Amino acid sequence: MPGKPKHLGVPNGRMVLAVSDGELTSTSGSQAQGEGRGSSLSIHSLPSGPSSPFSTDEQPVASWAQSFERLLQDPRGLAYFTEFLKKEFSAENVTFWQACERFQQIPASDTKQLAQEAHNIYHEFLSSQALSPVNIDRQAWLSEEVLAQPRPDMFRAQQLQIFNLMKFDSYARFVKSPLYQECLLAEAEGRPLREPGSSHLGSPDTARKKPKLKPGKSLPLGVEELGQLPLAEGRPLRKSFRREMPGGAVNSALRRESQGSLNSSASLDLGFLAFVSSKSESHRKSLGSGEGESESRPGKYCCVYLPDGTASLALARPGLTIRDMLAGICEKRGLSLPDIKVYLVGKEQKALVLDQDCTVLADQEVRLENRITFQLELVGLERVVRISAKPTKRLQEALQPILAKHGLSLDQVVLHRPGEKQLVDLENLVSSVASQTLVLDTLPDAKTREASSIPPCRSQGCLPRTQTKDSHLPPLSSSLSVEDASGSTGKRQTCDIEGLVELLNRVQSSGAHDQRGLLRKEDLVLPEFLQLPSQRPGSQEAPP
């Protein structure tokens with residue numbers, strides 16, 4: 001006789017969202033002892049991840065979703081993860097990681113075995129002709145010469161990159177894959193897990209058997225027969241697990257920030273975050289619980305890459321600006337929001353406007369770039385400007401735009417701090433003067449050259465007129481040459497330059513006199529047609 005329909009949901013606390021918050025930590029002193037054995041990535045030194053109210057012996061499959069490190073510590077979980085990577089044609093990543101783990105356990109004194117294993121790992125995964133090459137950055141490439149002096153930790157950097165790639169990219173897809181959902185369902189029903197690579201979970205009869213229900217009965221909400229769902233529709237099965245979690249557990253788990261450094265080829269799966277948000281919202285609507293729905297409804301998230309290389313998740317809540325959304329993250333990380341530029345990943349040409357609504361960044365990735373600001377006091381112009389530049393720029397590069405605006409060059413100015421005579425080297429990085437005030441002085445010869453420079457249009461317009469009035473110009477003396485004819489001294493003659501300036505001013509004045517004539521007080525007489533009748537010459541007052 002069929003009994004009541006069995007609820008297949010996992011009890012509260014047994015399902016943790018697949019957002020790992022484990023942190024790659026260095027090995028402690030006790031772990032690093034003993035002939036260079038062990039590594040910060042050793043499976044014995046991996047962080048345990050978030051604690052669970054249920055032991056891993058009771059619920060081993062559910063514990064796989066708590067952290068990537070806990071998955072690697074379970075041999076069966078590692079086997080299922082390897083099978084998943086085979087379907088994605090990236091099983092060489094976990095194979096390389098396991099090979100590095102075994103390599104680090106070789107004593108440093110056993111140079112023969114180290115050399116043999118290092119040769120095998122290099123030619124199988126890292127060389128240009130490798131049979132199963134792994135995806136690592138150019139900075140982590142190794143040449144074959146390093147095999148001459150093998151060390152237990154010689155592949156640590158490459159192993160770290162592959163570890164981050166699996167943790168932040170492959171692991172997020174594994175915990176929401178149909179393969180993992182089948183394992184969760186089998187564990188919830190008490191069925192034994194199938195061996196990785198086989199076609200069915202447990203007994204084929206139990207795996208394919210459709211639940212028989214009494215008339216008028218139905219399966220619990222969110223639970224359907226897995227075999228009848230297409231591949232893309234297999235995900236709603238997770239809705240039954242999330243339904244029984246406390247209301248704040250979903251939000252708190254989603255707010256966890258990843259503490260490990262991100263590899264350039266690894267990224268957080270934002271599609272999974274959007275799926276969690278949409279499924280949670282639709283599930284609450286189906287339950288018909290209207291109380292507090294607007295307050296507890298989770299929104300979509302934005303992945304924020306920080307300047308130090310780490311990543312964080314920000315809730316794109318409607319009604320908030322991008323500035324408000326990032327204020328909490330910047331305050332927590334000790335960043336000054338006015339000194340931050342925000343760029344969309346892949347579109348770094350133009351920074352985002354922080355006053356627009358943050359919902360435009362839902363399911364998007366943004367990158368924060370820090371800017372160094374300092375105050376620059378222009379003595380000659382009596383102005384104070386605020387300059388913002390990248391930390392990697394030098395002072396001469398940051399000052400170039402303001403100097404070009406005022407027609408100056410780097411050899412015409414000096415930079416120093418207020419009240420100090422010691423000059424600031426323009427080759428220093430901008431980060432060395434962060435939040436400081438600098439004074440920009442111009443050299444005396446720079447001021448002279450700026451005052452003596454005459455626009456070509458003015459000089460060309462007045463020179464032809466002065467050719468007809470040579471009597472007004474004093475003869476040019478031989479002392480007006482800027483440099484000596486022999487070129488031995490090469491020094492500028494300041495007095496001759498001043499004489500040239502006075503001469504050019506007189507040339508301009510002569511040109512104006514030739515055109516308009518000298519304006520005197522006697523010449524300022526109104527024409528007759530503009531004068532009043534009483535002011536006209538020869539006019540008489542009419543008799544009364």
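A Cβ is built for glycine as well, from the same backbone N, Cα and C atoms used for every other residue.
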Going by what Swiss-Prot says, which of S20, S67, S431 is noted as phosphoserine?
S20
To which residue among S286, S294 does Swiss-Prot attach the annotation phosphoserine?
S286
Have a look around S143 (phosphoserine) and count the other CB atoms within 10 A of its CB, chains all included.
9
Can you break down the domain 'RBD 2' (373-443) into helix, strand and coil residue counts using DSSP?
18 helix, 26 strand, 27 coil
